[in-house]
Amino acid sequence: QVLVYDLLFGKGLKCGGRWKALARRHRARLEAELARLKVRRGVSRNEELLEAAPGAAPGAPRVPRYVRVNTLKTCVDDVVDFFKRQGYSFLGKAGSVEELGALSGKKFLLDLHLPELLVFPPQTDFHDNRLYVSGHIILQDKASCLPAFLLSPAAGSHVIDACAAPGNKTSHLAAILNNKGQIFAFDVNTKRLAAMNTMLMRAGVTSFELAQQDFLTVDPHDPKYSKVTYILLDPSCSGSGMVTRLPQEEAAPSAERLQALAGFQRRVLSHALRFPALQRLAYSTCSVHQEENEDVVHAVLQEQGSAFRLVNVFPSWPCRGLATFPGAECCLRASPADTLTQGFFVAVLERCGDGAAVPSSLPADKGESLQQGEGVEPGAAPPKRRKKKKQ
């Protein structure tokens with residue numbers, strides 16, 4: 001998908017190898033399908049395909065363009081200065097979600113929740129921008145940034161990204177770790193892993209190991225993973241929260257399809273909790289369905305007994321989990337209408353007992369008394385910023 005996008009919308013293919021040759025061989029057919037799509041939509045420019053989600057009602061909220069600053073290569077202040085020099089007006093830190101929705105023209109804000117996220121008007125295109133091409137910025141929806149942000153692994157930690165492609169969350173984990181530690185990233189698809197490897201190298205990620213492997217087949221007791229204390233789990237789901245999918249909105253999944261997905265999600269979450277050194281896990285989906293979200297978390301917590309608990313992370317986030325079981329309000333939800341993001345769900349689980357990890361975003365003296373229901377606000381006291389050279 002990345003290669004096709006670069007071929008049709010970007011500056012062409014920059015990578016080499018057989019995938020480049022394959023994409024070029026089918027270029028005429030791909031361009032013909034693109035032309036037919038524009039005819040069906042009644043548009044003349046490629047950009048107009050993205051003006052609104054397919055089937056979206058008139059007046060529906062439009063998701064802004066979110067830009068995550070890649071702190072492995074630069075810092076927020078330098079990226080802000082760069083865009084100012086390109087003629088953009090920086091309006092400072094947003095005070096509300098409504099401010100994000102009011103952006104227009106060449107104006108941008110610092111997000112009110114995530115400290116390294118810049119917000120631009122919808123459909124602002126940065127694919128040809130020098131900072132994007134060089135990996136200094138990552139085009140990533142705000143909701144997609146939540147799992148790594150809330151997992152908040154301490155520098156030097158060993159982390160598993162269980163279903164990693166296309167790699168945005170992996171690069172986010174590496175930035176939080178400041179490339180100190182080790183990330184084990186798994187995906188079963190060879191093509192996605194190849195594209196992901198290119199993306200991670202461009203982003204300056206160094207401490208990672210990719211494996212073409214189904215995470216369910218990974219042995220939790222393999223000595224290789226004996227120091228894994230954090231896991232980010234974003235398993236396959238219905239994708240029902242992805243409101244800007246092309247070429248057309250997919251039909252709602254059947255009850256049977258949802259149950260099949262939920263069964264897989266329960267298995268993979270239970271498997272992740274078997275890693276003996278695990279202290280903290282973020283489970284996320286880009287689904288709006290209770291079956292894939294609250295129901296999965298509740299079922300696995302019941303299996304675990306008192307071994308793991310939900311953590312009430314990010315108290316200032318406005319949308320909580322559906323009240324389907326006691327403690328479900330600890331989970332987070334996101335949606336175009338309420339948070340101006342894609343539809344998303346995140347739950348953070350933490351091991352109970354004396355060996356429980358202290359989240360890296362908490363002062364150590366407060367981490368000792370963390371209980372279910374108490375709030376953890378990641379990023380509340382970010383480390384002192386290191387000054388980087390301007391781009």
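The backbone N, Cα and C atoms fix where each Cβ goes, and this holds for glycine too.
If you look up TrEMBL, you'll see 20-47 marked as coiled coil.
Taken from TrEMBL, the feature domain 'SAM-dependent MTase RsmB/NOP-type' covers 55-352.
There are 19 other CB atoms within 10 A of the CB of CYS163 (S-adenosyl-L-methionine binding site), with all protein chains counted. Residues or ranges marked as S-adenosyl-L-methionine binding site by TrEMBL: CYS163, ALA164, ALA165, PRO166, GLY167, ASN168, LYS169, ASP187, ASP214, ASP234.
Neighbour count (other Cβ atoms within 10 Å of the Cβ, all protein chains): 21 for CYS286 (active site, nucleophile). TrEMBL lists CYS286 with the feature active site, nucleophile.
The region 'Disordered' annotation in TrEMBL covers 360-391.
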Model confidence for the domain 'SAM-dependent MTase RsmB/NOP-type' (55-352), as mean pLDDT, reads 94
LYS169 (S-adenosyl-L-methionine binding site) and CYS286 (active site, nucleophile), compared by Cα position, are separated in whole Å by 13
